[in-house]
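So the structure is just underneath, and the comments pick up after that.
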Amino acid sequence: MNQPISKDRRGSFQNSDLSKIFIPIANGYQETNRSELLSVNSSAGPSPDHEPENAVSLPPIDGGFHAWAYLVSAWLVELLVWSFPFSYGIFLNFYATDPNFEHYSSASLALVGSLSSGVLYLTSPIILPIINRYPWHKRNAMILGVILCVSGLVGAAFSTKVWHLIITQGILYSIGGSLLYFPMTTYLFEWFSAKKGIANGVIYSGTGVGGVVTPFVVETLLEKYGRRTTLLSLAVAFLVLSLPCLPFIKPRAPVAQVVDIRSINTRFLSFSPFWILFAANLFQGLGSFLPSLYLPTFASDLNLGTTSGTLALAFLNGASVPGLIFLGWLSDAFDIRWSILISSLGSALAVFFLWGFSEKLAPLLAFACIYGFLAPSWSALWPRFVATSDGDDPRQASTLMGIFIAGRGIGNVLSAPIASGLLRPWYLTNKSTAAYGLEGYGPLIMFTGFTLLVSSLGISYGLIERQWRHQHE
């Protein structure tokens with residue numbers, strides 16, 4: 001009878017060295033210890049050191065060439081997939097003066113950016129169950145994802161109406177990004193166990209690095225060569241950089257062994273801490289995307305110049321690199337509630353007191369650094385959310401990961417139309433020289449800070465968890 005690969009409570013394969021081997025049998029692989037195999041061989045004949053020629057040894061977990069190669073390749077895929085949506089503020093500022101799009105409302109142009117990131121998040125609970133059910137198609141899904149991402153950028157280059165941009169740069173690109181990105185994330189729980197928090201932070205830091213470089217590259221290309229050449233150049237760069245990563249993004253265990261037709265255990269849906277964390281994650285997603293979307297236009301409205309907005313966006317994205325690694329480490333080393341509280345409360349205070357009172361470039365850059373360090377870093381906490389929500393094995397864990405990612409996507413998609421409704425004069429408009437009095441930014445700033453503050457209530461899951469477990473003992 002086939003035995004599944006054993007897993008520990010952290011959701012990763014236990015055999016972190018080569019003491020475990022897998023022997024091909026009729027319908028998969030049988031796990032065994034080398035010591036057990038040697039004992040069997042010793043009783044059967046005179047060659048106690050003999051192992052079957054077709055035995056499969058697994059590479060190490062939490063280290064070794066294959067784990068680090070996966071980490072580097074996953075980091076680059078993260079950079080490529082997310083740096084364009086997170087740099088959309090530069091495109092938004094350009095599209096507002098582009099002859100093809102300047103007559104469209106800012107809400108419709110902002111929708112392109114919210115879709116490019118929101119659809120990426122929202123498709124996770126659809127794609128992850130499918131690729132977990134058919135894991136041998138993960139490589140094909142990633143190749144198709146590259147093709148769709150490149151097609152989306154090429155299509156945007158030749159767009160002449162805003163609905164063209166919505167379909168190409170907003171939807172087609174993000175669907176392709178999902179097909180490339182989410183199969184990659186499922187392997188994290190195979191290659192890393194004790195270090196999965198910091199490994200997750202390292203991978204997600206790719207978004208920050210890309211967010212530092214991409215705004216300047218995009219702005220320079222748009223100013224010198226225009227929209228069409230810029231988007232075509234980005235499409236070529238995406239293709240050239242993503243394809244070499246695919247051979248290293250692979251499973252640790254043989255694919256035949258990890259095929260599992262069992263349905264996902266939905267017990268977590270009755271687990272109150274799951275819903276507390278999901279709601280906190282959704283509120284965090286509602287507000288966290290808005291500064292990166294509006295900082296370039298905000299800087300222009302402050303008469304700081306286009307380059308100042310690009311610089312602020314680069315500071316925000318760049319600060320997320322150490323922030324992701326720090327909060328990933330913090331979630332590994334201490335109770336995750338500390339990470340939630342520091343991220344939520346710190347980013348909310350930065351919005352209220354730094355962005356809200358910005359009049360010049362220096363406080364705006366200070367806000368971008370502090371906010372970038374704290375707010376985007378929630379993505380480094382998702383593996384611990386998964387562990388808290390009864391995600392015991394890699395397949396269950398990746399599905400739960402998809403649900404938390406989708407929750408953030410709901411927030412991102414809703415944030416653009418909500419923000420467009422908030423960008424209008426209010427009580428303090430033209431009554432203060434600070435950002436609260438600048439045109440309609442006051443309500444937007446208040447909304448952003450409030451949603452981040454509400455997300456800090458996620459720390460209450462610990463109390464709810466104790467009550468739930470007491471009731472179910």
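Quick reminder: no glycine exception, Cβ is built from N, Cα and C everywhere.
Keep in mind that TrEMBL annotations are predicted by a computer and have not been checked by a curator.
Per TrEMBL, these features apply:
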type: TRANSMEM; residues: 67-95; note: transmembrane segment
type: TRANSMEM; residues: 107-128; note: transmembrane segment
type: TRANSMEM; residues: 140-158; note: transmembrane segment
type: TRANSMEM; residues: 170-189; note: transmembrane segment
type: TRANSMEM; residues: 201-218; note: transmembrane segment
type: TRANSMEM; residues: 230-249; note: transmembrane segment
type: TRANSMEM; residues: 269-290; note: transmembrane segment
type: DOMAIN; residues: 273-473; note: domain 'Major facilitator superfamily (MFS) profile'
type: TRANSMEM; residues: 310-331; note: transmembrane segment
type: TRANSMEM; residues: 338-358; note: transmembrane segment
type: TRANSMEM; residues: 364-387; note: transmembrane segment
type: TRANSMEM; residues: 399-423; note: transmembrane segment
type: TRANSMEM; residues: 443-464; note: transmembrane segment
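Contact check: the transmembrane segment (67-95) against the transmembrane segment (338-358) gives fewer than three Cβ pairs closer than 8 Å, residues 6 or more apart, which falls short of the contact criterion. Counting same-chain residues at least six beyond the ends of the transmembrane segment (230-249), those with a Cβ under 8 angstroms from any Cβ of the stretch are 66, 69-70, 72-74, 76-77, 80, 84, 139, 142-143, 146, 149-150, 153-154, 156-157, 169, 180, 183-184, 187, 218, 221-222. 107-128 is the stretch from 107-128, 170-189, 443-464 with the greatest number of Cβ pairs below 8 Å to the transmembrane segment (399-423). Same-chain residues lying 6+ beyond the ends of the transmembrane segment (443-464) with a Cβ under 8 Å from its Cβ atoms: 272-273, 276-277, 279-281, 283-284, 286-288, 290-291, 294, 335, 337, 340-341, 344-345, 347-349, 351-352, 355-356, 375, 378, 388, 411, 418-419, 422-424, 426, 435-436. The largest share of C-beta pairs under 8 angstroms with the transmembrane segment (170-189) comes from 107-128, of the ranges 107-128, 201-218, 269-290. Note: the stretches the transmembrane segment (338-358) and the transmembrane segment (269-290) are in contact (3+ CB pairs below 8 A, sequence gap of 6 or more).
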